[in-house]
């Protein structure tokens, strides 16, 4: 919401400084986004052209002498419309042109010095929709004075208004809030004094209302849609609103001043009656912004007896019946509709306008008559015309809300002592009607423009807001001497950061179509009201979002990445309070940056296997406590992935992504990933192994077995370990080979076995017996054949 300081002062009687007003706005919850004092526009002044001569060396250039009320400047100009006696706008040397940010300097054009520039509307950033001017701006004699600043240098304040404070989307509402907080007094606007002297006929246009709402209208004939007054143009320009025509600018002014959207129709284009109804079927609509929209059942339209659509109600009017400069007869509409209906209608066509933005945040339903009267009065004043009587149709009744309010609740909730009289004044200042204020329980009726005051504690908040949050004394929380252990998530973050990964935080939403490619087509949680079409599902896996991050990083030229996220996943069985946390990680590209040691390589399954077991290790789960099973997940590579089970419960997986998924995200290199389901892992007590001093020498023996390619290597290792747990200290694989010399379908698996006794040195026979047990177990369990060479 943007407005000027002088605009605010139209409704607020105060001597407060700009700085104080800005500070107070923030104090009462109206966040000040910016304040523009327009110092950069002070160097654009109104001048009179007093002499024009052709340039001696350029046919299209003219040498002009312009007067700013103090001195004369020589300016070289190429505009065809420059002439003696005209008023225009001079940009002094050092000025910055609004359109293109060009800095004006002293220039020599074909040998002639030029001290400034005469500006066009386009260069000043004020091009009007119907403007055909191609030369410099020509100002009317009686509106602008030579020497004055062309732009209003009135400070412009911009506020971020929260959705619940629609009443502050008008300057009058902001002034009302400041006055309630003690900044001056609110100037009254007596709408009842506005009368129509020439009202002597009934509107030829009738209204029919088939939806919930209230519609009022006035037919005005014989208007002259002239140029907008200077002061009104300046107000609109300060708010970033372009001047269209006097009639349109007036209703925009009413909307910005009083948060009261209105709409104007060319009455000659309406066939007899306006019917406000919802659409039965899809239909195309040509809007006044020169765009075409496909309307659906969510949209409310205004149609006439010829079935022509004249507006999407509360959103935008039609190209057919928009008000132009040659329009003579108009129908002025002022309406209130259900905010939900307006929001759905606006969202259907993906168009938000100043009108719909306000209507969907609730506008005052009791201000229709006054808003219509004020707009009509201004149109008659500046454009002339003869108004009809007001035509009105109502399909909604605004009922006052009665709130039982205890003044003691301010102290109980806000921990401040405010007198009953102060509380009474605060509530009255914001427009509330307070009854029974001599009793313990007051009956408070919120004003019609404050739809956010629905409960008694809302009134407490209002009192505290106006009293000042800064006056509430701090009550520091006592610091406890108890030291709490680090949170598990923080420990896991530290572990993965030490693995060279970076943490990311992504949305809890994901794309349904992508999720289906991962096999998530049941037990999923769809979003009825997604923020966009690509985020229409609560994520069943964090992996989907991480892959999107990788894809976007690749698009920006980042070809190596290792990222992780600790977050929640969701399914249809999730209930409020469920903490389905997972740790998910993705590696892509090379494991290290390029270096002269040539230690960089492409990441593989063993990188994420290390990450996975580092997480488990932090949760007191050792490698020997879990079972690895070849993964059956469709989005993982069938030969380079594993599911991990703990106590027969699936607690995660790791592996390389299936090439089809990599292609889906348009990623150029293989990706490895892991995901640990933290919510499935029970708390495992930390068990410390007793230290055993290794006093006796170990012995290593290597074995090479021929086994089928279908053998689970992990199971082979486990079988070898269990043959003699007292003597076998470790079993590891140091080579897997297939190719020349190995039968088809077979593998050569080489094991390194470490033998050690805790109480004596092993002799040859003990080592031989233990080796024979390994050979026998693998032969029986896997049909393994010991290779002789």
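The backbone N, Cα and C atoms fix where each Cβ goes, glycine too.
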Field: Listed in Swiss-Prot for the Mg(2+) site shared with 458, 461, 462, one of 452, 470
entry: 452
Statement: Same-chain residues at least 6 positions away from residue 461 (Mg(2+) binding site) with a Cβ under 8 Å from its Cβ, in sequence order, are none
Field: Spatial neighbours of residue 462 (Mg(2+) binding site) that are distant in sequence (at least 6 apart) but have CB under 8 A
entry: 426, 427, 430, 453
- request: Looking only at the domain 'B5' (398-474), report the model's average pLDDT.
  value: 91
- request: List the other residues in this chain whose Cβ sits within 8 Å of the Cβ centroid of the Mg(2+) site residues 452, 458, 461, 462, in sequence order.
  value: 450, 453, 457, 459, 460, 465
Task: Could you tally the C-beta atoms, other than its own, that fall within 10 angstroms of the C-beta of residue 458 (Mg(2+) binding site)?
output: 16
- prompt: What are the helix, strand and coil residue counts for the domain 'B5' (398-474) according to DSSP?
  reply: 32 helix, 10 strand, 35 coil
Query: How do the residues of the domain 'FDX-ACB' (694-787) split into helix, strand and coil according to DSSP?
result: 29 helix, 32 strand, 33 coil
Statement: For the domain 'tRNA-binding' (38-151), the DSSP helix/strand/coil residue counts are 7 helix, 45 strand, 62 coil
